[in-house]
Amino acid sequence: MKKQGICILGATGSIGQNTLDVIAHNQDLFDVIALCAHRSFETLFEQCQKFEPAFAVLSDQEAAQKLQNLISGTSLKTQVLAGEEALCEVVSLASVDKVMSAIVGAKGLLPTLKAIEAGKVVLIANKEPLVMAGALMMQAAQAHGATILPVDSEHNAIFQCLPDHYRTGQTLPKTVRKVTLTASGGPFLHYPQEAFADITPSMACKHPNWKMGQKITVDCATLMNKGLEVIEASHLFSIKHDCIDVVVHPESLIHALVSYCDGSLLAQMGAHDMRIAISHSMAWPHRIASQAAFLDLVEVAKLNFLAPDTSKFPCLRLAYDAMSAGKAAPAVLNASNEVVVHAFLQGQVRFNAIPVIIEKVMNKLYDLSADTIEQVLQVDSIARNETLKEIRKF
Ligand code: NDP
Ligand code: MG
């Protein structure tokens, strides 16, 4: 494998740090060209000292200045850039072969789209842009010869269970009956629904299996994460929603399954360690060591499966509703969820109000169009404002 130039969007987050760990153990294969984040200048500075990227970008101007001050005191040649436009510039550099898209939320849409338009190999962990504008992103990949590879563990698992010649965005082979995403069920799988109103942010931020950023951890607790992933899968694999199933699998050791017409069910298994999916996407079509632990099946002994309870976790149903409604509904769902999760983390809304508020906003905005990126961004902004209004009413 030729040495690959890498740009990481969201370098200081959970996915970003795991990506850098994979790179640290495969230094002969990857060259870090650009590291980007929002305002964690101290973490980014440490990463710059270790990986010596040509560019370090912070979307927050003040934090970028602080990073510049730190770098000026060293012999590092890293150039510091500031602002959201700079994120879009570095993903398109000629020296960048692969872009890890790992910003959290809608803010990742424009830089990820720029990477696609620059024809890069784009490794997508940042699922929210796919939910908002998946069709437009997949069309752009086709038009610009970009390769999109899934990092989200379920989607990476599906990709691994498909034939070697399959590429994301293509229609699935006719022999595929359906795909199944597994869900851990989150920390409240067996928690009484009557007590949901008293769930605190710190309770919701404790995922039973995975260590991730706060937003996705809350999404796992409401099952919205699985809903977003169903929409994500529909775009990545060009598949209708009635062919995408969700099954709760509390051990999170099987990440997804693909069911074939002959009754075969192919599953991808592995430890709860994102370095497996990250290293797979980084090395594809090759494989490299990820440093993840190997599963001991005798120790695992048992795997459990159960149907998701959408009356207890309505967010999953809302995502299927948004997908059936089409148009701007998925972008509304995503924006509303981002705002209401943020408000929950700030102690402004109760856990059980999350789906109620999102559904109200969806019902209000079901008829908006989202045929262009400009429209998607407009819908995103309208849905955020409507959600804030609903939160104030609560
Ligand atoms: P984190 O919260 O841990 O990290 C988010 C990253 O995004 C940080 O580097 C943050 O920078 C950066 N960021 C946030 N806002 C901006 C912005 N406006 N401009 C530039 N950078 C920004 O999130 P995760 O790593 O957990 O998740 C990242 C994405 O990957 C999410 O979409 C999530 O759904 C998805 N994902 C994550 C998994 C996981 O295991 N963590 C698994 C599967 C998918 P700063 O530190 O400066 O704020
Ligand atoms: Mg996932």
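Cβ coordinates come from backbone N, Cα and C, glycine included.
Under the heading NADPH binding site, TrEMBL lists T12, G13, S14, I15, R39, N126, E128, G213. Here the Cβ of T12 (NADPH binding site) has 22 other Cβ atoms within 10 Å, regardless of which shown protein chain they belong to.
Taking a C-beta cut-off of under 8 Å and a sequence gap of six or more, K127 (1-deoxy-D-xylulose 5-phosphate binding site) has these contacts in its own chain: D152, L228, E229, E232. Under the heading 1-deoxy-D-xylulose 5-phosphate binding site, TrEMBL lists K127, S153, E154, S184, H207, N225, K226, E229.
Feature annotation from TrEMBL assigns Mn(2+) binding site to D152, E154, E229. In the three-state DSSP scheme, E229 (1-deoxy-D-xylulose 5-phosphate binding site) is classed as helix.
For the domain '1-deoxy-D-xylulose 5-phosphate reductoisomerase N-terminal' (6-134), the model's pLDDT averages out at 98. Taken from TrEMBL, the feature domain '1-deoxy-D-xylulose 5-phosphate reductoisomerase N-terminal' applies to 6-134.
With DSSP classes pooled into helix, strand and coil, the tally for the domain '1-deoxy-D-xylulose 5-phosphate reductoisomerase C-terminal' (148-237) is 41 helix, 11 strand, 38 coil. Annotation comment: TrEMBL describes 148-237 as domain '1-deoxy-D-xylulose 5-phosphate reductoisomerase C-terminal'.
Across the domain 'DXP reductoisomerase C-terminal' (269-385), the DSSP tally of helix, strand and coil residues reads 69 helix, 2 strand, 46 coil. Positions annotated as domain 'DXP reductoisomerase C-terminal' by TrEMBL: 269-385.
Non-local neighbourhood of E154 (1-deoxy-D-xylulose 5-phosphate binding site): L181, T182, E229, A233, H255, A256, each in the same chain, at least six residues away, with C-beta under 8 Å from its C-beta. Each of the binding-site residues G13, G213 was ranked by the number of other C-beta atoms within 10 Å, and first place falls to G13. Of the recorded residues, S14 (NADPH binding site) and H207 (1-deoxy-D-xylulose 5-phosphate binding site) place their C-alpha atoms 14 Å from one another.
Close contacts with ligand 1, defined as a Cβ under 6 Å from any of its atoms, occur at S14 among the binding-site residues S14, S184, H207, E229. Separating the Cα atoms of I15 (NADPH binding site) and K226 (1-deoxy-D-xylulose 5-phosphate binding site) is a whole-number distance of 18 Å. Nearest in space to E128 (NADPH binding site), taking C-alpha to C-alpha distance over the binding-site residues H207, N225, K226, is N225.
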